[in-house]
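These notes concern the structure reproduced below.
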Amino acid sequence: MTIIQTVTELGVTEDTIKVQMAPSGGKHLLADPGNHPAEHFESQMSWLRFQTRQYLTRFTDNQSDFVHSLQKKHRTPFRDVYFKYTSLMGSHMFYVIVLPMPVWLGYRDLTRDMIYVLGYSIYLSGYLKDYWCLPRPKSPPVDRITLSEYTTKEYGAPSSHSANATAVSLLFFWRICLSDTLVWPTKLLLLSLVIFYYLTLVFGRVYCGMHGMLDLFSGAAVGAICFFIRIWVVHALRNFQIGEHLWFPLLSVAWGLFILFNHVRPIDECPCFEDSVAFIGVVSGLDCSDWLTERYGWNLVCSRYASCGSKVFLRPLVGVASVIVWKDVISKTAVYTLLIKLLRFHDDRSEKVHFHNETSEEEECLLYSGVSKVEIVGRFLIYAGIPTTVFLLCPVFFTWTNLR
């Protein structure tokens, strides 16, 4: 089947094809995942998976027109810059730097809850993205306003930004409303800031041309589910002492690797699985850090501003530097030496790189080729080391530098 025949089935004229594939900034109509005709997916999906996708496409078929009309009506240079940069609040590096902050300021439990709701929101939204294989709003006609081309290569629904924003906003709502130390004027101010954060992040995904309404609503559902499950688990296990059970860290690591190696295979290349690996690694690293702390009775809780004064604000300088040193300097060499040199894992990374190098000149979105197994385990361990650094090592560094 030729490209002209394919896109004609999608309701695009030959003149439009020539415009959209023009040399000056044009791109292949099938460059982004999820835009192929139904036959492309039917032959590679189970009956239930394909029928689910077909049902949901009724909500995505016309999303590009809606998003394009919204952009035409509301775009301004200021809003472009505002929503482009505030989208970083849902980015990978933002979480790496910002999530540890409450720990260093004395609010350890807040970061713990945030890691759980964000980690499983990322995993579940990524799983459903790869299961449904639904497209983002088409560009063109939509303009994608983004700082990262990486995210444009993911499927659309559910929106991980929407899932994360919903989970975190519900968590803050819950904590603020139940707080015994905050007076109501302060609570109302904080709740207003949470609402502002939520609307900025969620509406920004539509404004930036990255998502349609199905993406946002399904993402919000994922985030709400993860929040309510977390609250239920905290209540159900409130008397559970993890330090008394040797199996707890082993189960956490085994569960994390199990759900990663049993993640659904997307039809087209989609990079969102990498974020799932990273966040599930962080969850397991948190579990192992908590287990060590409770089992051996280590007092690693950082003092708060009331008892330590303004020097608490110097902790992030030491903390962020420690995280960066682990993630960008030490981790890869240490982890892959452990896996390949000592544990004798088969290094299949070069096989995947070779495949991508051979096909990288193709303009059409590639079929999914799989992920290196040793890279899954390696990335899992690298990110498991981040909460270990934050929860176990940073308090020691703060003591050495008289910041604790």
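Here the Cβ of each residue, glycine as well, is placed from N, Cα and C on the backbone.
Secondary structure from DSSP puts HIS161 (active site, proton donor) in a helix. Taken from Swiss-Prot, the feature active site, proton donor covers HIS161.
Annotation for HIS211 (active site, nucleophile): same-chain Cβ neighbours under 8 Å, separated by at least 6 residues, are ARG136, PRO137, GLY156, ALA157, SER159, HIS161, SER162, ARG205, GLY219. Annotation source Swiss-Prot lists active site, nucleophile at HIS211.
Applying DSSP to the region 'Phosphatase sequence motif I' (129-137) sorts its residues as follows: 4 helix, 0 strand, 5 coil. Per Swiss-Prot, the feature region 'Phosphatase sequence motif I' maps to 129-137; the stated evidence is a curator's inference.
According to Swiss-Prot, the region 'Phosphatase sequence motif II' annotation covers 158-161, on the basis of a curator's inference.
Taking H, G and I as helix, E and B as strand and the rest as coil, DSSP gives the region 'Phosphatase sequence motif III' (204-215) the counts 7 helix, 0 strand, 5 coil. Residues or ranges marked as region 'Phosphatase sequence motif III' in Swiss-Prot: 204-215.
Among the features that Swiss-Prot reports, topological domain 'Lumenal' is placed at 1-86 (among others).
Non-local neighbours of the topological domain 'Cytoplasmic' (108-113) in the same chain are 99-102, 171, 175, 230, 234, 286, 290, 301-302, 390-391; each lies 6+ residues outside the stretch with a CB under 8 Å from one of its CB atoms. Residues annotated as topological domain 'Cytoplasmic' in Swiss-Prot, with similarity to another entry given as evidence: 108-113 (among others).
The topological domain 'Lumenal' annotation in Swiss-Prot covers 135-154 (among others).
Under the heading topological domain 'Cytoplasmic', Swiss-Prot lists 177-182 (among others), citing similarity to another entry as support. Per-residue pLDDT, averaged along the topological domain 'Cytoplasmic' (177-182), amounts to 88 for this model.
According to Swiss-Prot, the feature topological domain 'Lumenal' maps to 204-215 (among others).
Positions annotated as topological domain 'Cytoplasmic' by Swiss-Prot, on the basis of similarity to another entry: 237-241 (among others). Remote same-chain residues near the topological domain 'Cytoplasmic' (237-241) are listed as 294 (criterion: CB distance under 8 Å, separation of at least six residues from the stretch ends).
What Swiss-Prot records for 263-319 (among others) is topological domain 'Lumenal', and it gives similarity to another entry as the kind of evidence.
Per Swiss-Prot, the feature topological domain 'Cytoplasmic' maps to 341-379 (among others); the stated evidence is similarity to another entry.
Listed as Cβ neighbours of the topological domain 'Lumenal' (401-404) (distance under 8 Å, sequence separation of 6 or more from its ends, same chain) are residues 302-303, 308, 311-312, 314-315, 318, 395. Summarising the annotation, Swiss-Prot assigns topological domain 'Lumenal' to 401-404 (among others) and lists similarity to another entry as the type of evidence.
Secondary structure of the topological domain 'Lumenal' (263-319) per DSSP (helix as H, G, I; strand as E, B; remaining residues coil): 40 helix, 1 strand, 16 coil. Taking H, G and I as helix, E and B as strand and the rest as coil, DSSP gives the topological domain 'Cytoplasmic' (177-182) the counts 2 helix, 0 strand, 4 coil. The Cβ of HIS161 (active site, proton donor) has 26 neighbouring Cβ atoms from other residues within 10 Å, across all protein chains displayed. Long-range neighbours of the topological domain 'Cytoplasmic' (177-182) within the same chain, counting only residues 6 or more positions beyond its ends whose Cβ lies under 8 Å from a Cβ of the stretch, are 190-191.
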